[in-house]
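Enquirer: I grabbed these lines from TrEMBL:
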type	residues	note
REPEAT	88-129	repeat 'WD'
REPEAT	130-172	repeat 'WD'
REPEAT	173-214	repeat 'WD'
REPEAT	215-256	repeat 'WD'
REPEAT	257-298	repeat 'WD'
REPEAT	299-340	repeat 'WD'
REPEAT	341-382	repeat 'WD'
REPEAT	383-415	repeat 'WD'
Amino acid sequence: MKLKRFLLRYYPPGIILEYEKGGCMRTKSIDLLHLTPGANPDELAAEIQQSESLITESMSEQVKKLVLRLQEKQGQQDHHRFCFCKELKAHILPLTNVAFDKHGSRFITGSYDRTCRVWDTASGKELHILEGHRNVVYAVTFNNPYGDKIATGSFDKTCRLWCAETGRCFHTFRGHTAEVVCLAFNPQSTLVATGSMDATAKLWDVESGQEVATLAGHTAEVLSLCFNTLGNLLVTGSFDHTAAVWDVASKRRVYTLIGHMGEISNVQFNWDCSLIVSGSMDKTCKLWEAVSGKCVATLVGHTQEVLDVCFDLSGQLIASASADGTARVFSAPTHQCLVTLKGHGAEISKICFSPQGSRVLTASSDKTARLWDVHSGACLQILEGHTDEIFSCVFNYEGDTIITGSKDNTCRIWY
């Protein structure tokens, strides 16, 4: 094995090693999820060198410089105020979902008009119309971090795989017997997972377009799914009140996460693959140990359904959004509610952390999105202008651009 070069990953902080083994180029990541601006870079560089055989003593100065660059990025104060940049009348019929590519230079919109559209973020110019579905295009995603492919899931019971550069359709994945409502690429971009109203999830091969597996076992609709960072596990959330963890290699169910008393609205792994969080219509979130399937905490406080839940990139914080019009931020290690975010006038359907983890963004049916300080719970900014419910809000990778999608059939770009 021979180390070729180092790459930096700012969010979450880490160093990627690119090395050669048996004539093939491979990558390995050293996660520095607990890095702080005040940590001793010499000690950290020495620890990294001792724990990683690819890094020799002669490289320790280079490793120290990389650590310092990560700390410098962390130390930059996040005082960014977002200004409305442009409104895109994206589709004739209502939008369903919005997604960025990794760098935020392009984004995609799905719609009831049966198309997915690819947009240039800076100019607002439409780059491609992805046509071919025979019903609502409900779920859309890029194969980040690569960004060269797009997957779309439709009420026509199919998923399609597209070339992000040309708009050409590579494959149509057929096999579900009801609407496809969620999808995800694995981190290696070799598989697409789809979840359907037919109570199954399926795995599809990106290269061949063939079905790899049907993950059967849920007794109601599969509404959410998520690969872990390694891509060896998939979690699915269902209206049958359970989530299931699947081993991707064997295509078998490893655990069923039982405990919720209502439908599951969202499921997600944390970055280091140790925990799973689930949100439910039973007004709670639950935290599960990924290795055992054991429930380690129930996060309570909301008075109505939990409509969305997510980890920050470090895996230390959890944010929940509820039909009660509030959002909450919890500590993943202690399970305590740190702040309650109050201010929206109606239900909050979407929530996400900024890549830096210092801000939370919420989308509400009160026609606004709000930006919050994670630590104080203060509302820093109200993003106004939409004339109907906002159902989607996303940050780009750097955290300096936001897109909001609304039932008023428009997207707004905020810089």
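Placed from the backbone N, Cα and C atoms, the Cβ positions cover glycine too.
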Enquirer: Counting each residue once, how many in the repeat 'WD' (173-214) are helix, strand and coil under DSSP?
Expert: 0 helix, 23 strand, 19 coil
Enquirer: Per DSSP, how many helix, strand and coil residues does the repeat 'WD' (341-382) have?
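Expert: Helix (H, G, I), strand (E, B), coil: 0 helix, 22 strand, 20 coil.
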Enquirer: Are there residues at least six beyond either end of the repeat 'WD' (88-129) with Cβ under 8 Å to its Cβ atoms? List them, or say none.
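Expert: Cβ under 8 Å, 6 or more out: 135-142, 144-147, 150, 152, 154, 162, 164, 166-167, 391-392, 394-398, 401, 403-407, 409-413.
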Enquirer: Six or more residues out from either end of the repeat 'WD' (341-382), which same-chain residues have a Cβ under 8 Å from its Cβ atoms?
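Expert: Answer is 10-11, 74, 78, 81-82, 304, 307-314, 316-317, 319-329, 388-395, 397-399, 402, 404, 406.
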